[in-house]
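Trainee: From TrEMBL, here are the annotated features:
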type     : residues : note
DOMAIN   : 11-416   : domain 'Major facilitator superfamily (MFS) profile'
TRANSMEM : 50-70    : transmembrane segment
TRANSMEM : 82-99    : transmembrane segment
TRANSMEM : 105-124  : transmembrane segment
TRANSMEM : 136-158  : transmembrane segment
TRANSMEM : 170-193  : transmembrane segment
TRANSMEM : 230-249  : transmembrane segment
TRANSMEM : 269-288  : transmembrane segment
TRANSMEM : 300-317  : transmembrane segment
TRANSMEM : 323-340  : transmembrane segment
TRANSMEM : 360-377  : transmembrane segment
TRANSMEM : 389-413  : transmembrane segment
Amino acid sequence: MRMKAKKYILSLVTVYMCYFTHGIQAIILSQNKVNFFTQWGYTDEVAGAAAVSLAITATGFGKFLTVWLGGEVSDKIGRKKMAVAGGILYIICFAGLLFSTNFTVACVCAFLAGVATSGFWDASLYPAVQEAAPKYAGSALIGIKAFVSVSGIIYPLMAVHFSAAGNWKINVWIPLILSVVCVILAVIAPFVYDDQMKETVKTADGKTTNAAQAEIDAAKARMKTKPGGLVNFVTMFYGFICMFIMYGAQQYTKAFGMTNCGLSEMQAAGMTSIYTAGSIIAVVFWAIMMGKLKWNPLKVVLIDSAFTAAALAIVLLVKNVGVVYVAIALLGFFAAGGALQTGLGVRQEMCPGPKGRNTGIYYTWMGLASCFLPYIVSAMTKSIGETSAIYTMMALLLVASVIAVVMMAYLVAQYKKIFGNNPLGRQEA
């Protein structure tokens, strides 16, 4: 068993390298905004910034439209082909951004980056990381968040350095080269699911099936009773709720500090940094809790939801700046420290099925939240002004976190019925 686990270490390395690269892709347009719109021929700063925003939106559409379908395809053809194809699309995307002087071409490249990220990588690599380390699936999933966060910290500093030196295109060459590395790793790495598709096993009734389906059947066999429709819905809808909270806090923390706390732009930017730092610390903490101490992912998500609600309440009600800074750090820790990834683990355990499909469904709900929130903030800003709109948005995040607590408490009760044990206790090794 240990040798088998060692066999798939390279697939874990592949997953984490891909998401380190994705961490750069997620911010490359915003971090090189002026350089990109200048290359596209824009001389007006406002029009250029709007063009970059549209390109970022194209990435979002690519992700939202393809992740569910990608999950289904991943379950049919395996993880390796999807991982390789996603890397090739990343190469095309970065090459296009590097050399294109046309805004439309840049938007197509951005759209392809979204397709590559969710339609290919999310749909194949999120399942792959769980399959490579099934006993530590929660910790393995949360590791993805760690690598995205690390590149999100390192890359902006590199981007500023190379831009100041007059070599801004190095900022695009870096992820382009990393994408080539990802493709090479994906080609040579073995993937558990792909091997399971080739492996046939006999079921208790004497029928033969592949090992991947046998694993799903074994997960269902653990259940004392079948999960109901509400459990199915709640485990999906948590993806929407969690993304709604995380995206809102991530995008509007700085604006909240300036409009509602009276902070300078530099002080408000500090709130965003504190939020990010909290999320990185949380990744390490929760990986230990789930990996070493065997905490159930459902227990982690329940705690995350409860403390997220408490942190948001403090942010909204307490006017002391020092206290708000602490609350923002807690918000980063509990809302953005891998809660999304852990929620996917809860989904897979309570509603076992093809991992690509479950990932696709879960991430489609997440994508809906990332489209919905900016729309309602924009509408509220036009209606009641930015200050009131941002405060109302933070209040909506609090409401969402309370809903998350109720949902997770319901799942805890259902978990006891379905599996016959308490998820708040220590899991068996």
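Sequential numbering from 1, following the chain as shown.
Here the Cβ of each residue, glycine as well, is placed from N, Cα and C on the backbone.
Note that the structure is a prediction, hence the values are computed from the model and not measured.
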Trainee: May I ask you to check whether the transmembrane segment (323-340) and the transmembrane segment (230-249) make contact, with contact taken as at least three Cβ pairs under 8 Å and only pairs 6 or more apart in sequence counted?
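Mentor: Yes, since the transmembrane segment (323-340) and the transmembrane segment (230-249) share at least 3 Cβ pairs closer than 8 Å, they count as touching.
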Trainee: In terms of Cβ proximity under 8 Å, which residues at least six beyond the ends of the transmembrane segment (300-317) contact it?
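Mentor: That would be 138, 238, 245, 256, 286, 289-290, 323-324, 326-328, 330-331, 333-335, 337, 339, 342-343, 346, 391, 394-395, 397-398, 401-402, 404-405, 407-409, 412, 424.
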Trainee: Along the domain 'Major facilitator superfamily (MFS) profile' (11-416), what average pLDDT does this model show?
Mentor: 92
